[in-house]
Amino acid sequence: MGEYIMEKNTIILGIETSCDETAVAVVKNGTEIIANVVASQIESHKRFGGVVPEIASRHHVEEITVVLEEALKEANITFDDIDAIAVTEGPGLVGALLIGVNAAKAVAFAHDIPLVGVHHIAGHIYANRLVKEVQFPLLSLVVSGGHTELVYMKEHGSFEVIGETRDDAAGEAYDKVARTLSMPYPGGPHIDRLAHEGKPTIDLPRAWLEPDSYDFSFSGLKSAVINTVHNAKQRGIEIAPEDLAASFQESVIDVLVTKASRAADAYNVKQVLLAGGVAANKGLRARLEAEFAQKENVELIIPPLSLCTDNAAMIAAAGTIAYEQGKRATLALNANPGLDIEA
């Protein structure tokens, strides 16, 4: 069959509203960002210490049309130039997802444009293709607020979850520990910053689980941090928050990097891709770089910070592959908060 040559440029409009970002992007050929607009709601959720689904949905309703128009203007295109619309159908908050799905269906119907549903985590993985062409087989370490998993891919559009969290996602643990240390939401960046000022002097558990397991568990670690703080308060002992942050972060990163490294060897992959919101963590990025610098036959790809947190360019990138593989959604497409990436 020879090399696959694209006859014309494929222009995909991506829409992402799975949590607290209203995002619309335009991507060319699955690799080049033409427009990438994100309206964040962090300020609205800050005082509640987490995302409030009802508030998130209302914001999406207010923002979606504005963000959509802004993306088209930034890309300097009209709906006639778009080959397909890719939208996050799940997983996420059902009310939030529905706003994006309904907006995508309305545009697809009004302008007679093909529609493609995208898995949110597939989007995070394909954010890496906006940095560099991916090579198979590959392994993706997905670390976000709701997900922590190792995903093996032997080809485009094929996802095998070889390891996942059995309880809390790494991002959840970060937010809960941040709350224990009275830090504002979202906690991840605050812990990361504080960790760099401290030393990992506090002995905290690492959940390795069974010897051959690639699964993760962070609830024990989270409880250990909360108990350490609680016990110190009861005994009137002062614990340096930066040392606690450094100890917690080292425990999380140790397990993530060790398991990713072991899986990369076992599955003989060509590339390891970092994906998800926690991929913005400086400590994690540095440790992965150090680990994979020692492996000559494995290339590590880490997306820029702007592509780690939720955005629609990654949804358009994943949607390009689905579109080229002939996948189409009908106007019956619905939000699916529990969508399985392997389905």
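Glycine is treated like the rest: Cβ placed from N, Cα and C.
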### H120, H124 bind Fe cation per Swiss-Prot; candidate in D310, D340 listed for that same site
D310
### Query
In Swiss-Prot, the residues V142, V143, S144, G145, G146, D175, G188, D192 are said to bind substrate. Which of N29, N36, N281, N297 is said to bind at that same site?
N281
### Task
Counting Cβ neighbours within 10 Å across all chains shown, tell me which of the binding-site residues S144, N281 comes out on top.
N281
### Task
Could you tell me which of these binding-site residues, H120, H124, has the greatest number of Cβ atoms within 10 Å of its own Cβ?
H124
### Task
Specify the secondary structure state of V142 (substrate binding site) as given by DSSP, simplified to three classes.
strand
#### Entry: Number of Cβ atoms other than its own within 10 Å, given for G146 (substrate binding site)
18
